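Trainee: Here it is, the structure, as structure tokens.
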């Protein structure tokens, strides 16, 4: 069998196995990644011992081939895509708020863990390692991989802040760990016994800063490029794929800096300031594509990790097994001690950190593919003593297996025990209100269907009993009510998040341009910082008042383009803000925990509406011609939206053939693009 066919056979088997495991594990307690790792270990053992049946010889050959994959290929093939997807899916506003906490864990936290781990292997384990070896090992096993934990949090608890903290730490943590690993690895190969702290600090800053600059440059190119494209999902998606891999390769090979930092920088910038540059219609497809790619790559990499460990790690003496158990206990204690040392700062920075979340953060420090790939690169380095290479690979591989199997499989029980598997009482109350709205809509539909002649013989009493028997899931069952202050905070936060989503919906329909959408979203996110506040919005008021210098120099003709751009931003934000406040007014009573909160929210939203209406009337009075031009654009865009919807409806009904509808939609979208370009011009 050729190498190419062996790779293809393994990939097909991995995807089929992943699909089967996903089906079998649905609703179960065993995490998907844990099951894949165990399957990989089993396959590796079966292939190594020649226990596979004769008809599976070709598959055994493919397992043999992938077991010898180069560690560099693991990093360069899987890491850019997985890191980009993770960072691109982050809620950027929350990530920005928590960046100080994340950076504290990823840099000082990793340095502490590296030093303590090096101390552990030097003093507590029966290994004859020098300090460079111990420090290199400490750096490589400090790279966390919380994929299983984050997926469980998303499935069970909706703890967005905890997810962001764990995932954000792992993104920057991987980059920091690789940087320090390379430094100590170079020390080991260079034969230097000591390297000064100043050199290490300087090199670390260079690698991180250059990586960030590479990521910034790649993001700037992508933003410029996609800004010239309108609703081309394929092109815009391909550009992001190229950006992830190009940034990683250029940073690592071109500048010998951090590829991880480069990819994280690119992804966060594209998810934040770059979001409005992508075609609104493409964003959902783009996120869906990256989720699918991450699922495929996670399936491949966890299965691959299991096979590599089973095939390449030699079974050592009993003493090494005992050393592995001691190391496993030690690294968990070290992570706990590191977080405990940093907890006074973590509790005061960002959004704070509770004791329960600190426990999950400690137990969620899984080791994965990054640590194993670094250990494999050590194992393949002939300049290092053979005994040290075998010990590093065995201990790292064992740590990967133990943390994924033990920590990953037990995290669900830990969340339940700490009470983090359920929503907080205040948020649960909001969800119950939303579920009540859903129940009311279903009941209204039931009433309408019961009068349908085509359903006249249905068992309506039985259907109604079934509907009435539906109870809230245990996750949302009423519990002891939380403090009134907490209820008010969650209620306001829910309204503000609905307002933010309303702006993105307007943007997706072309009713808000890039600038207006960015201004409005930034204003909402400023209101979400700290204690949420429904109004007023100082940032928007400053925009609507306009820069003083522009007003004073209004008679200068060459400033007319700047004045029109400012008027465009003012009109766009006023119109979008007004529409969002009207939508919130309808939601306020439905989501409120009690009538008092509903009335207070209604009064503030009404005041927001009144303020926006006053500014809009003033704008029309002072700049009637410009406002008329902008309103004409809005009306044309609404008509084009309706035209596109009508074409799509006829295509769905089978009236238009796919080729015909595609041509008509392309024609409409070309007019939309021309309209938008004319407006920007």
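Glycine too: its Cβ is placed from the backbone N, Cα and C atoms.
Note: TrEMBL annotation is automatic and uncurated.
Heads up, here are the entries from TrEMBL:
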type     : residues : note
TRANSMEM : 6-25     : transmembrane segment
DOMAIN   : 14-417   : domain 'Cation/H+ exchanger transmembrane'
TRANSMEM : 32-52    : transmembrane segment
TRANSMEM : 72-90    : transmembrane segment
TRANSMEM : 102-125  : transmembrane segment
TRANSMEM : 131-150  : transmembrane segment
TRANSMEM : 171-192  : transmembrane segment
TRANSMEM : 204-226  : transmembrane segment
TRANSMEM : 233-251  : transmembrane segment
TRANSMEM : 295-314  : transmembrane segment
TRANSMEM : 320-346  : transmembrane segment
TRANSMEM : 358-380  : transmembrane segment
TRANSMEM : 392-418  : transmembrane segment
COILED   : 602-629  : coiled coil
Trainee: Which residues, given as numbers and ranges, are at least 6 beyond the ends of the transmembrane segment (295-314) yet have a Cβ under 8 Å from it?
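Mentor: Sequence-remote neighbours of the transmembrane segment (295-314) are 11, 14-15, 17-18, 33, 36-45, 47-48, 63-64, 66-69, 74, 78, 81-82, 147, 368-369, 372, 376, 379, 390, 393-394, 397-398, 400-401.
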Trainee: Can you name the far-off residues of the same chain, 6+ from the ends of the transmembrane segment (72-90), with a Cβ under 8 Å from a Cβ of it?
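Mentor: For the transmembrane segment (72-90), the far contacts come to 164, 167-168, 170-171, 174, 240-241, 243-245, 247-249, 252, 259-260, 263-264, 266-268, 270-271, 287, 290-291, 293-294, 297-298, 300-301, 304, 369-370, 372-373, 376-377.
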Trainee: Could you check whether the transmembrane segment (358-380) and the transmembrane segment (233-251) come into contact, where contact means at least 3 Cβ pairs under 8 Å with the two residues of each pair 6 or more apart in sequence?
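Mentor: Per Cβ check, the transmembrane segment (358-380) does not touch the transmembrane segment (233-251).
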Trainee: What average pLDDT does the predicted model assign to the coiled coil (602-629)?
Mentor: 88
Trainee: Which listed range (171-192, 204-226, 233-251, 320-346, 392-418) shows the maximal number of Cβ pairs under 8 Å with respect to the transmembrane segment (102-125)?
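Mentor: The stretch with the most contacts is 320-346.
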Trainee: Residues sitting near the transmembrane segment (233-251): Cβ under 8 Å, six or more positions beyond its termini, same chain?
Mentor: 76, 79-81, 83-84, 88, 210-211, 214-215, 218-219, 221-222, 225-226, 257-263, 265-267, 270, 278-279, 281-282, 285-286, 289-290
Trainee: State the residues, same chain only, that lie 6 or more residues beyond the ends of the transmembrane segment (32-52) and have a CB under 8 A from a CB inside it; answer 'none' if no residue qualifies.
Mentor: 17-18, 21-22, 25, 59-60, 63-64, 67, 147-148, 151, 298-299, 302-311, 401, 404-405, 408-409
Trainee: The transmembrane segment (392-418): which same-chain residues, six or more beyond its ends, come within Cβ distance under 8 Å?
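Mentor: Residues packing against the transmembrane segment (392-418) from afar: 29-31, 33-34, 37-38, 41, 133, 137, 140-141, 145, 148-149, 152-153, 156-157, 305, 308-309, 312-314, 316, 320, 323-324, 327-328, 331-332, 356, 359-360, 363-368, 371-372, 374-376, 378-379.
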